[in-house]
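Asks: My questions will all concern the structure given below.
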Amino acid sequence: MLRLRRYRVYVVCAFVVIALLYHVSKNSQWDYSQTARYHGNTGAQQHEPRPAAPGSGQHLNEPVRRPHQSTQTKPSQTRLQKQKPPHTALIPGHRNSSNTHTVKDTSIRIPQLRTSNEVKGGYGLPTAGLAATPAPAKAYPAHGGDTKSTGAPTTTTIAVAIPDRTMTHNEDGQPTLSAEETLTTTTTSTTAHWKKPVEHFPVKEESLIMLPTGTPVPIPAVQHVFGEESFEAKAKRERRLGQVKAEAKRAWDGYKKYAWTHDELVPVARDKKDPFCGWAATLVDAMDTLWLMGMKAEFDDAVDAVKEIDFTTTPYRTDIPVFETIIRYLGGLLGAYDVTGGPEGEYKVLLDKAEELAEILMSVFDTPNRMPILYYHWKPDANIEPKRASTGSGVAEMGTMSMEFTRLAQLTGKNKYYDAVARITDALEELQNREGGTSLPGIFPQNIDASGCNRTAMRILRAENAERKQAEELAMKQAEEAYGDPEVLPPADSAPPPLRNNATEVETAQYGEKDMFGVQTGDSADESVTTTARVAKRGEPPSIPSPSFLAKRQPQNMEPDCIPQGLASSGYGGDSYSMGGSQDSAYEYFPKQYLMLGGLVPKYRAMHEKTVEAVKKYLLFRPMVEGDPDILFSAKVVAPHDNDENLTYDWEVTHLTCFLGGMFGLGGKIFERPEDVEIGRKLSAGCAWAYDVMPTGIMPEFAAVMPCAKADDCHFNKTAWYEALDPRFEAREAEMEEYYLQKKGWKLAVQELKEKAALQQAEDARRKEEEKQKAAEEAKKKQAEDARKRAEEEEEEKRLRPANGTLPEGGGATANAGKESGHDIKEKDNTPEQFVQNVQKRDLLGVGSLPVGEEAEAKMIEDKVKRLEGHVKPGADLPVASPSPDANVTPLSDPDVTSRSPDEGDQKPMIDIILPPEPDRPKTHEEYVAELLERENLVPGFTSIRDPRYILRPEAIESVWYMYRITGDPAWQERGWRMFEAVIAATQTEVGHTAISDVTTSEEPRPTDSMESFWLAETLKYFYLLFTTPDVLSLDEWVLNTEAHPFRRPT
């Protein structure tokens, strides 16, 4: 009974422990591993476990940057915004009699914010003013006031059966649904909506970083002072301006007709796609462009559509791409609000929608170190557990938030928005100023660890703890071996007297406790890692603890959840540094943020100046190209973690890097650095040159050129260029020499084989001729002997045959011979036996047929005589008398005669010769280069075209516009116009413009059927601004974000 009761107690205890462990493992694990990148909007992700944050043991995951052009299969459900005509079609049943909508609000509304008087800079949701915005009419049940909601959406699957799926976890530790689960396929389903989650790491009000106050400091003028233009110049400029506007109208009309309220137009197929959550990315991105171009009716249509966007849900993605959402949507709304007059304008709804979106995005900063999550899983069930930022965050994604949230803070007066991005800037500043923080001082690696946890230190600590645990286990094992397993343990507070022997003394202390020598574990790395036993004074026996002493010591988790650290490199072995993709806009925002804050935060100037100095020292180079133009590009460098030695360079020419000219020019003007303005001019000219030299007049997405050793002494060297194109040019010369030697040896070997074969063939022919002659002589002898015997027989027959042709009677040979002649022979010839004998006799004489009848006998004898006399060759056909019609005889053939070819003796035997293979001829250096140039359409100076596409990018024309506004040189307008004409010629379609696959060919461009939202937001806007009057968006009054959305500078 006693054992039964114990068993029951053990079962109950085990059940309780398992239940507790389940809940602990579910809620208290952190994971800071670098996540696998997406390959689509939904799909399986891979992740690694990472250590936990303070006070938690829970594993979380976080997504890393992925290509933003991924698209999603279109759902069959009703869209958030259906494709309808503007105004009246946006809301069912609405009549466009005024700007006021009178429909019933059935949408999902966000709870109202507490006013700024209640919570200064708090993290509430939109204000009452925002809640008063006309609500979109959608068939979604309201959940804002549903107090019974559990946060988990319920789905009614009436028409579609969804198969079972296994839930996976992303890097934020949240369930990642498959593509089918992200798309609702029936109109009766309840759509998931974002709900404001509980904030795990709030910032106290007194700890908020406040917007700077005070009068902006004087900043030098940026824009050139333009004089009055001539009539001819004005007419030319306005004509070009009209053409740019016409192309913008074409693109907008195509979008409105075929992709209204969707993210992007598919211009060739006349379709739409939604890579950015389906919140009408092109529409929001293009609004300020429409206003600047005077397309007010189109702008009003867009405003009405914006009112209907519900940022709390999307059927297209389970995550929100934070970087793209901020620069396109948040920036687009704020830019459109500013250009239409801001607080004095008539479009406050734009600011309201911007804040509505910002409230959702504020959740990405809810991490222990307030560094943002870059791919935010918005569904309620995904926002229960705390998260960390990624260990592989793109520096551009992290650093390109400051302008948008700063402008929102300025417009709303809420410091929480500025606080969110100011903390990122502070972290970047600390990394930039930290000694040894980056391999190239002043600039950042492409990917950084923003998790806030030192992984290296944690690995060391784990090793220490493993050693310590091993020591404890060893001590317990030794004690158990010494004492055995007693039945009854003594009381815990009464340890037995220590045993003494000559062994070493073993005693372990828990982490943080003092051991028997008075040393606290963890104080010394040497003791915490290597000390498993201590040797007492010589001659003093050790004290071995009893099992009861060991039994009361419970194991503890001696690992901290996280060893804090600032931003750090996330790579292994080396880091990538460049001004290209994933890094570019972080640096672009330093001088622009300085302008946004009126020069009141000097750190942005210091960060910019350190950046440009590093770029000049490590990245800038002059290409060695035909014509020796005075241009510059920025390279890509891979550096080891700890120093700037042993750098690996990639002399790239990328479209994304073309923004750099404008950044240098802008920073050079506001910080009075004329050298930087000149560098900006050369960088901008470099991208314009890359357009001019291509067959299509458009630069490729990604290429590489050959650098000059000295920027001030750079001349095109065709030989050096060829050698750069063919890194194996020296090896090819050696290969050709080796080939010529092999070819010579091969020829000698072939000649020797042929001579041997000829000798062998001659020997075979001689031998066969001798054999033939010998056979002929033997045959001749045999024939002669046979003929002699036949002749003797015939003589004997003649002698014995009487005159009347009958043989005499009688026995013996004479009698038999007589019987065989004359009429008796004739009679016997008709018997089968005699027929065969006669045939055999004639065959011995070489006769091919049997003569029949007496009239042929004389002819036969004559032929035999001729053969004997040598008049007829052996084996030749002899004349044969035709048989009589009544003769029943079948001609027979001599197989020896019929099987012999007439000219067999003239044929020579064939000799099979196996020759060695001829050596393959390698390409010469010149042949290899010529083939490469033809295959890749390389322009002199280019070493490769790695990505020949043009995807409607704006960076080159952006820098051209900046240089025109800064210098006033009309040559920049001419460069820009050449670019515009080339781009339109290659990309124009009937309903818009498409990206193309190859700019290096002179053939008809091949469309890739894509028109990203930045075509209207940036590229066409910069073309337009290049030819409009300089007072439109003056650089002394406005500052543009990385998506070309204009924000008004403080005054």
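Positions of Cβ are set from backbone N, Cα and C atoms, glycine also.
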Asks: For the disulfide involving Cys687, grab the partner from Cys562, Cys658, Cys714 as TrEMBL records it.
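Replies: Between Cys687 and one of Cys562, Cys658, Cys714, TrEMBL records a disulfide, namely with Cys658.
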Asks: Please report the DSSP secondary structure of Asp584 (active site), reduced to three states.
Replies: helix
Asks: Do any of Asp584, Glu955, Thr1042 (recorded positions) have a CA within 10 A of Cys687 (disulfide bond), and if so which?
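Replies: Taking Asp584, Glu955, Thr1042 one by one, the ones whose Cα falls within 10 Å of Cys687 (disulfide bond) are Glu955.
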Asks: Quick check: of the recorded positions listed here (Asp584, Cys658, Glu701, Glu955, Thr1042), which one has the Cα closest to that of Glu324 (active site, proton donor)?
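Replies: Nearest listed residue in space: Thr1042.
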Asks: Counting other Cβ atoms within 10 Å of each Cβ, which of the active-site residues Glu324, Glu955 scores lowest?
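Replies: Selected from the active-site residues Glu324, Glu955 on minimum Cβ neighbours within 10 Å: Glu324.
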Asks: Among the recorded positions Asp584, Cys658, Glu701, which ones place their C-alpha within 10 angstroms of the C-alpha of Glu955 (active site)?
Replies: Cys658
Asks: Which one, from the active-site residues Asp584, Glu701, has the smallest tally of other C-beta atoms lying within 10 Å of its C-beta?
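Replies: Per-residue Cβ counts within 10 Å for the active-site residues Asp584, Glu701 bottom out at Glu701.
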Asks: If you draw a 10 Å sphere around the Cβ of Cys687 (disulfide bond), how many other Cβ atoms fall inside it, taking every protein chain shown into account?
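Replies: A count of 28.
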Asks: I'd like the number of other C-beta atoms within 10 A of the C-beta of Cys658 (disulfide bond), please.
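Replies: Other Cβ atoms within 10 Å of Cys658 (disulfide bond): 30.
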Asks: So, by DSSP, how many helix, strand and coil residues make up the compositional bias 'Basic and acidic residues' (761-800)?
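Replies: Taking each residue of the compositional bias 'Basic and acidic residues' (761-800) in turn, the totals are 40 helix, 0 strand, 0 coil.
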